[in-house]
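Enquirer: First the structure, then my questions, so here it is.
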Amino acid sequence: MLLMQPPLVSSRFHSLYFIPRHHHRLFQRPISAFSATASCSPSSSSSYFSSWNGLDASEEEEDEFSTFVRRRYDFSPLLKFLSRFGPVELVLDSVNLEPLPVSLDPVEFELAESYKAVPAPYWHSLLKSLCSSRSSLGLAYAVVSWLERHNLCFSYELLYSILIHALGRSEKLYEAFLLSQKQTLTPLTYNALIGACARNNDIDKALNLISRMRQDGYQSDFVNYSLVIQALTRSNKIDSALLQSLYREIKHDKLELDVQLVNDLIMGFAKSGDPSRALQLLGMAQSTGLSAKTATLVSIISALANSGRTLEAEALFEELRQSGIKPRTKAYNALLRGYVKTGPLRDAESMVSEMEKSGVSPDEHTYSLLIDAYVNAGRWESARIVLKEMEAGDVQPNSFVFSRLLAGYRDRGEWQKTFQVLKEMKSIGVKPDRQFYNVVIDTFGKFNCLDHAMTTFDRMLSEGIEPDRVTWNTLIDCHCKHGRYIVAQQMFEAMEKRGCLPCATTYNIMINSYGDQERWDDMKRLLGKMKSQGVLPNVVTHTTLVDVYGKSGRFNDAIDCLEEMKSVGLKPSSTMYNALINAYAQRGLSEQAVNAFRVMTSDGLKPSLLALNSLINAFGEDRRDAEAFAVLQYMKENGVNPDVVTYTTLMKALIRVDKFQKVPGVYEEMIMSGCKPDRKARSMLRSALRYMKQTLRAS
C-alpha cells in the first residue's frame, strides 16, 4: 500500500511509518539493520520509525536496542544543556516560538560537533524515550528544535511526526496542530495528525485531514481509515451513510482491505444499525480468505436482533458455534435481545437455560433482558423471581435492572408499583442512580403525580446525584403538560443556574408552553436566546412553532416559519404539514387546508392518514360533504386504509349538512372495512337515527 508520491518530494517515507500498527504486519526488519555504522539515509530512518511504532519489532527488541544506544552514545550532556534554564515546557502559543537562545555559545558548538556522527535511528530512539512521558514532551521538542538548528538529522518530518503522535496520545490535540504548522504537511505528518484526531475522537478534523491529504496529491492508507472508523464506533456517532462514503473512498483508492480494516467496517455498519451491509461485507471478506473476529460477529448478531431479524441472528449464532468458537455471555445476550424485542418469551427462557447448560454464566445484562421479556408479557411475578435468582447466583442486581422493571410498569400504566420497586431496591441495598431517578420522575409525571415527582427530584439532589438534561426536560415537560406553567418556568431557570445548559429539546418544550399560553413576545425572546447560545432550531422546533401558531389562528406566522425552515436547508416533515392542515380544519378553512395539502405533496411528502383525516374534517366544518367523500375516494385509490376516525369524521360531516339518512351507510361501510366502531362512532350513529326518527314523526 504505497502512497502516491507528490512531485519534488522524496519517496523515503511510507505512510505506514507513523502510528503503532500492530495489525498491519507487512515485513520484518532485523535489529541488526541499525548498526553503529548505519547512515542517516531516508530508507533507514523510515524503516526505524516503523519499528519504533511496533510494526515489526517487539518491545523486548526495542528495549535491547535502547540499551545499546545508551551504551553507544551518551545523550545526557545534551539533555542537561537543554534543561539548564530549568524545566523545558512545550509552549506553542506561537508556532514561531524558539525555545533555545539564538546565539551559539562555545559549549553548544562543542556539543553539536560531538553529536555530528550520530545516526538518525539513535535520535529517533532518544525522541521515543522522551515522548513516552508527558513530563518530558517539552524536552523532546527542545531536542528536535536543536537538531533542526544544527542540521544534524535530515528526517525532520519524521521527528515532528513522532512529537505530533505523542501529543495526540497525551490529549494535546491543539498543540499537535500548532506543531504541524512548523513543517510542510507530508504523508507522514498527515498520518500523525489523523491518528491524533482519531485517538481524541475529533472525527470531523480527521475526515477533513483525509480530504486535504487527497487534495494535496497524497493517498491515505488503510490504517487511517481503521482509526477513524474505530473512533466513530467509540463515540456512538457511527452513521451508515458516512461509512458508505468512506468505503467508496477506500475502493476508489484501490486500497486492499486487511483483516483489521474489514472487521472495523463490518462492526461499524452493524453498530450503525445497518446489518444488511454488514452481512454483505462479511460475505465478501470470507470469500477472499479474511476472517471475522468473534466480536465482529457478535455485533452483527446484535444488529440483526435489534432490527427484529431474529431468524438471521439465530443462523449467524449457529455459524459461530459450528466454527468451533464457544459463544460467550455477550453473544448469548445479543440473541436474547432479539427474542425480547420480537416477543417469543419461550425462546428467551430457553436461551437463558441453554447458557447455563453450556457453562456460560448469565450477567446483569442477561437478567435485565429476561426481566424486560417478563414485564412485556405482563408476568410481574416471574420478573421478581428473576431478581431472586440473581441474588442466588451472586449477581447483584443494579439500578439499571430495577429501572427496566419500573419502565415496564410505567408503560403498562401501573405506576403505583413504583413504591414496591423502591422498597425492593432498598431491601437488598441497591442505591438508585441518575437513570433510575429519571425513570421514576417520568413515571410520576406521566400520571400527573407531580408532587411525587418533585419529592423524587429532591431526594435525588439530597443523595448528591446531579440532574442531567433528561431529568430537567422531564420535569419541565410534565409540568407544562399539566398546565403548571409557573413551576415549569422556575425549573427552566433552575436548570440554567445549576450549570446545565438547555438543549434543543428543552427549548422546544418551553416554546410549546409559551405558544399554549399565547405569550408570543416571550416565545420570540426565547428563540433569540436559543440561537445566541448556539442551539440551532431543528425540525421539531419548527413543527412546534407551526402547531402553536396554527392552533391560535396565526396562519401567516406559521407559513413564515415554514419558509424560514426551507431557507436554512431543513426539509419540512409530514408532522408539520399535519399540524397546519389540522389547524385550518379546526377553523373550517378548507381552501387553505387544501392548499397546504398541495404544498405538502409538492415537497415530495406522502400524505399520511392523519393529514387526510384532517382534510376531511376541514371540508366537514366548511359544510362541503361532497369534497369530504372525495378525500375518502382518494385514500382508497392511493392505498391509504381509512380508520375509525375517517368514518366518524365523515358521519359528522353528513350530520352537519342534515344528511342523516346517509350516516347508517357510512357506519356499515366502516364495519365491512374491518374498522371496529368506537364510542364516538356509535354516538354519531345514534344521533343520526334520532334525527331521522324525529323527522318521520314530524312528517
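Residue numbers in this text run from 1 along the chain shown.
Just so it is clear, glycine is given a Cβ too, placed from its N, Cα and C backbone atoms.
Bear in mind that TrEMBL entries carry predicted annotations, made automatically and left uncurated.
What TrEMBL records for this protein is below:
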REPEAT    186-220  repeat 'PPR'
REPEAT    293-327  repeat 'PPR'
REPEAT    328-362  repeat 'PPR'
REPEAT    363-397  repeat 'PPR'
REPEAT    398-432  repeat 'PPR'
REPEAT    433-467  repeat 'PPR'
REPEAT    468-502  repeat 'PPR'
REPEAT    503-537  repeat 'PPR'
REPEAT    538-572  repeat 'PPR'
REPEAT    573-607  repeat 'PPR'
REPEAT    608-642  repeat 'PPR'
REPEAT    643-677  repeat 'PPR'
Enquirer: Go through the chain and flag residues at least 6 beyond the ends of the repeat 'PPR' (608-642) whose CB is under 8 A from any CB in it; none is fine as an answer.
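Expert: Result: 574, 577-578, 581-582, 584-590, 593-594, 597, 600, 649-650, 652-654, 656-657, 659, 670, 673, 675.
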Enquirer: Determine how many residues of the repeat 'PPR' (608-642) DSSP places in helix, in strand and in coil.
Expert: 26 helix, 0 strand, 9 coil
Enquirer: Let me spell it out: take the repeat 'PPR' (573-607), skip the flanking residues so only those 6+ beyond its ends count, and list any with a Cβ under 8 Å from a Cβ in it.
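Expert: Same-chain residues near the repeat 'PPR' (573-607) but 6 or more away: 539, 542-543, 546-547, 549-551, 553, 555, 558, 562, 565, 614-615, 617-619, 621-622, 624, 627, 638, 640.
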Enquirer: Could you tell me the mean pLDDT over the repeat 'PPR' (573-607), as a whole number?
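Expert: Value for the repeat 'PPR' (573-607), mean pLDDT as a whole number: 85.
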